[in-house]
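Heads up: the structure comes next, in structure tokens.
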Amino acid sequence: MPDNNSTALDLASTNTPNSSVGTPRSEPSLQVSVCEDMVDASILSIDHLLSLAKADDLASRPSACIKLVESMASSMALLKAEVQQRDEQLEKLTQKSERMARAQADAIVHSVEIIDELEITKRSLDIARTAAENAAQDTKRLADTIFERTNDAVMVFENETCVDCNDNTVKLFACAREEIVGGWPDAFRHAKLEDGNSADPSLRYLYQSVDDRNSKHAEVRMCDENGNQFWSEIRFSSFSMRGGGHVLVVVRDITARKQFETELCRHRDFLNNVISAVPDQLSVRSSDHRLVLANDAFCEAHSLTRSDAVGRKMHDLGLESYAFPSENLRHPMAPAHSNDAIEESFVAADGSNRIASIKHSTFSDATSGESYLIATSRDITEDRRREDRLRVLASVFNSASEGVAILSSDGLIREANPAFVSMASNALGVPTLEATGLLDVRFCDAMQIDADLFESTLSDLNSGTPWSGKATVKSDTSRGQAVWISLSPSHFRDTSSDEIIALVSDITELENSQIELHRRAMHDSLTTLPNRVYFREELSRLVRLDQSPHDGLSVCFLDLDDFKLANDSLGHASGDQLLCLVGERIQKNMGDKTFVARFGGDEFALIMQDKHLAREQQDRLLDQLIRSFREPFRLDGDEARIGLSIGVARCPADSSDADVLMRNADIAMYAAKNAGKNLVLEFTHEMQNGVDLRHQVQSKLRRALSNGEIDVYYQPKINASTHELVGCEALARWKTSDGHYISPAEFVPIAEQTGLVTGLGDLVFELAAERAVQWHEAGIIPKIAVNVSPHHLRHPRFLMTLESTLRSSGAKAEWFELEITENAMMENVDHAIDMIRHLGEMGFTVAIDDFGTGYSSLSYLKSFPIDTLKIDLSFIRDISTDPQSEAIVRSIVSLGAGLGLDVVAEGVESVDQLEILESMGCPIVQGYLISRPLPENKYLAWVADWKRQKQTLGATASLCCQ
């Protein structure tokens, strides 16, 4: 069995085809291995069967033997099938191996062909390499030839080091090659820029910034071997050589080119300057109507710039109305019309119509054959206007009412207009004189000027100094003609012939008018008396005279008492008539030895000289004048009674200065008015002290307004019947920085006189508005009365100031009542009515303060859109003792009730007064009985206390407790 088995294995090995050497084992070989395993299993089964047979166990176990045989049979059947399958696979492998062998053979053949082609390619490359080497040698020979034979200096750099250079470099730099190669050339270090600075930093920068895309160049000044400077252009270009970056530097001597450029620029600038200096407009136009050249005059005339205009078509430049004739351009060889000027109208850049005188000429460029039109144009608009003006002047010369003559340098008449001929005719006594008859007549004879004076004047004129003066031309038939002569040198014809222009104006009427104007300027137009200007001039003249101690004088200022009342009641026309009568009465009483003047308004003034009137006479005349005013003035059926207050200042006792005398007389006059009117008072130094005191108070008050020294006190108003609080009056109080109080009676009149009352009133209203806002927020809602002065009514920004204060404080106009005095309203009734109406529209209520003391009539009262009448305290003071005062108050209360107005009685100081007012039905009272004016904190405390007492004690008891 072992041998059989060995034989079977050998057969299997023999039947298996061998693979080619080097061929990898495939999948069928693995399957053969599996088959071998199955054969081995079958052999083991047979061996096992034989061993059983030897042991004689087959007979004893037949079933097992049968099973074993069956198993062997089955294995062999499977083996047979597997062997058959493997035979088929071996067949396929054999066929595949044959195909691979054939493919390998084909590959060997193809490799041989490739080797042949490579051999051919190698031979071609050898040929190409040889050609390239030959070309490289040719290129090198060419580069060497260019490198050495070029006129430029050429250097090769690597890392800012020169590695090679040509012979021209050595020549140009005037040094050995070894001094150039191996570093940065000294010639570069010593090169200069055009501004004289070293060029070396710039050259190094250009070297470092050059790249393959861009070359760099610079123009510098260098020195040759003799130290002479020359211009060179240095150009840097980057290239690669032997795998490294190199820079080729070419230096070219451009001295000749620079000289040529300089000369060319000089010629160009010269031509441009010549063209620009030409005053006429110069332009060159091509055949296609493009502007080729234009000078400054042309560009300025058309508001163009040369850079924008040149190259553009005339139409595009807006010069279609300035078109040039084009027929010459169609015939370039046609003769130029350089002498034929044409006048054309055109519209300038500013839209104005102008006139130009234009000359044309043509030429052709011999190189390009292009034709051009040259136009020279001159704006003759002003020439035409001057010609027109000359014609107008010639017409004026002949038709002028003033005489005009042209004289030679020695004063002879060369030309004259008709007016001058007429004047000269009167002077010369030749009524029918013609202009030609005046030729070569001396001007001084024609104008009756003193010959010596005229000769002196001619000398000044010929030296360039003009002369003017007045003369009187007399004739047998007239009283004389006043003329004003103006002579001035003239050089308008030529420099060799100096002439004199004479202007002669008839100023007879002017002189008469000036006399009249001077008279009017020095006299009052209403009374014809001397005015303030004349008065001061006369006073100044008199005090300047040398006077003996007995030649003194008196200055008197006169002011009419109650004139305003009469003027308002009688009307302004009667008031003017009254002033004329006053002037006449003063002159009548003072006599012709007294200088009487009217200053304006109701003020008059007198000057009495001691040498004409002794002091005793002066005093008697003044007393007599005062008494004369007791007589009424008769005015067209009416009569007016006015008084006179006179202030007197003596010279030299009081002063020897005209202005000081007038000031002292004015001070004395106001002292007389304040002392009771109808008085004559002489100036005293005590009066001056009073004035000085007023000035001091004025100055301090001005500072107080800005330093916060003014405060507001409040005096309550109550209902006379119910004793309810209805409001208060805001009153200014002044507490100086040192704690001293100044009485309102002291500073308010001064504020009225100086106009400071406007600022004072604005401040009071401003502070009252701020308090009103605070009170309303606290639930205290009384109406606050604020006084308005006449200055406020006259101030143009009064209403705007009120609006501004209300806006800034947040207060409302309805919270305030503005009190305006009766006299303030009567200053300008129409304006007052308009102002009060505006105040009412704003929301204010308006009261007439001090009612009953002014001069208003009931008709005016009806016209005023007011809300309240406030009775003056002078009537309230005597109401319990004076029946007339009681009657006036009762009438005012009734009047207010009838007109639907509130009535306020101020100055209530006793219970008796209050009870009388209450019995009359006076609705509102104010005064010390209720309360004095109080500062804000005390006023608020008073209001709280008043309400508390009224609730607990009743109205009368609360009043009595105050």
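Any Cβ shown, glycine's included, is placed from N, Cα and C.
Remember, it's a predicted structure, so these values are computed and weren't measured experimentally.
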Coiled coil per TrEMBL, picked from 76-106, 541-571, 851-881, is residues 76-106
Secondary structure of the domain 'GGDEF' (551-685) by DSSP, residue by residue, totals 59 helix, 41 strand, 35 coil
Residue counts for the domain 'PAC' (340-392) under DSSP, helix then strand then coil, are 12 helix, 27 strand, 14 coil
Looking only at the coiled coil (76-106), mean pLDDT returns 81
